[in-house]
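Encoded as structure tokens, the structure appears first; notes follow it.
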Amino acid sequence: MATHHTLWMGLALLGVLGGLQAAPEAQVSVQPNFQQDKFLGRWFSAGLASNSSWLREKKAALSMCKSVVAPAADGGLNLTSTFLRKNQCETRTMLLQPAGSLGSYSYRSPHWGSTYSVSVVETDYDQYALLYSQGSKGPGEDFRMATLYSRTQTPRAELKEKFTAFCKAQGFTEDTIVFLPQTDKCMTEQ
């Protein structure tokens, strides 16, 4: 289960299973002229959307987490996320490996043995980033997730609206979109 938290709270992120929606027809683009060096540093997971039933079942218990993005030796990214789980701070690191164009990465889940694509869809580097992840846990078990990252724990209302519109364009419904509440736990520098 810790792996689930790693994935959800990291790109906040990947590898959770559950009830599935039909995937939308549109392809997700990547941030034009993505500048990886500007993307580094501290981010907060402010919003999530997923076709997984796990999110709908657990969203009331989720809270914002802190993630730190650092360069990896292979040109990819190390995403280290710290989150509250069972009243304790847990830290997990994911290696996002380069996958084609700048801003496109892949992540291999050690728990499921599946590979997920992770795309930086849009970012201004200073305030927000929209990420989209997709993959398959097995035949017929497609996984999709969108994540809103913010440089602060209080993203502007316009960013939440932008995230909601992006999620709906990807086929996510209101009940699959959640904005994570702020917490003072596990947010300090370590």
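Just so it is clear, glycine is given a Cβ too, placed from its N, Cα and C backbone atoms.
Among Cys65, Cys89, the one Swiss-Prot lists as the disulfide partner of Cys186 is Cys89. A Cα-Cα distance of 7 Å separates Cys186 (disulfide bond) from Cys65 (active site, nucleophile). Checked against Asn78 (N-linked glycosylation site), the recorded positions Asn51, Cys65, Cys89 differ in C-alpha distance, with Cys65 being the nearest. Asn51 (N-linked glycosylation site) counts 23 other C-beta atoms within 10 Å of its own C-beta, drawing on all protein chains shown.
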